[in-house]
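TrEMBL has this to say about the protein:
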DOMAIN    6-121  domain 'Tetrahydrofolate dehydrogenase/cyclohydrolase catalytic'
DOMAIN    140-284  domain 'Tetrahydrofolate dehydrogenase/cyclohydrolase NAD(P)-binding'
BINDING   166, 167, 168, 232  NADP(+) binding site
Ligand code: NAD
């Protein structure tokens, strides 16, 4: 193997320790404990696991979390009502509504009601706009975490070509904005892109956020490139479930300079950045009120 592994698990643990130290200082200086409200609607097992992990990380970082679990048949009006209450609650600095939501609920409407200054997921159109014009706001956790990993191994992106595969609002587009802010020349590729392997071969930084197991192969990658694998896909190997990314780790690690593994790459950074966004939210409120 040629590539160096970017240890997202260890870097996220370091970040959580730093957040815990800053949260303790905040409590000491201002008596404020950053609070995260997590709303889970329905009984999707994957969502329940994500929420559990988020709540665990909150406690580890010395933040406060309040979980709101609502039944699958919750009406849109009831959920909007809860979001309104959380918006008005001064002890809540971050509001996270776990997606997907049941069919009867319009997710855009719910996410659009979250106070942009408590939108620690960074999904509100106001925060997407702030990111695109370079104003301070909340950056979605997965791209924020991915950018921290890239900064570790390639801090200067001026003159570099970054290719992001995937144009979702929660990963691909904000990732591209962050890379652009870092002075990379950015291409966003997607399902209609022609000659994707050829394009990827021109990338100094390649971010895969597609949701297709093992799609990016070694011969798609420029020697020495930084490869960030956002994908989380469950596949069957020898009758057993296995988590893999969008990158074929075995072949790409023979070519790339740096690569994130799946699991223990981008995933832990996503959760750590949720904590970071919640801490930032509390710090901004303190600054605004003093
Ligand atoms: P999405 O389905 O919203 O978007 C996928 C994107 O991939 C689309 O823009 C689509 O155009 C593009 N695409 C699909 N097929 C393609 C192809 N054959 N060639 C090129 N582009 C193609 O997904 P998402 O929410 O952005 O998530 C992407 C992946 O990242 C998923 O595997 C998801 O589970 C994972 N994810 C991981 C984390 C994490 O914390 N690690 C967080 C969010 C998402």
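Here the Cβ of each residue, glycine as well, is placed from N, Cα and C on the backbone.
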Practice problem: Give the maximum pairwise CA distance in Å, whole number, for the residues 166, 167, 168, 232 listed as binding NADP(+). | Solution: 16
Quiz prompt | Helix, strand and coil totals (DSSP H, G, I; E, B; other) for the domain 'Tetrahydrofolate dehydrogenase/cyclohydrolase catalytic' (6-121) | solution = 62 helix, 18 strand, 36 coil
Quiz item: Which numbers of helix, strand and coil residues does DSSP report for the domain 'Tetrahydrofolate dehydrogenase/cyclohydrolase NAD(P)-binding' (140-284)?
Solution: 54 helix, 32 strand, 59 coil
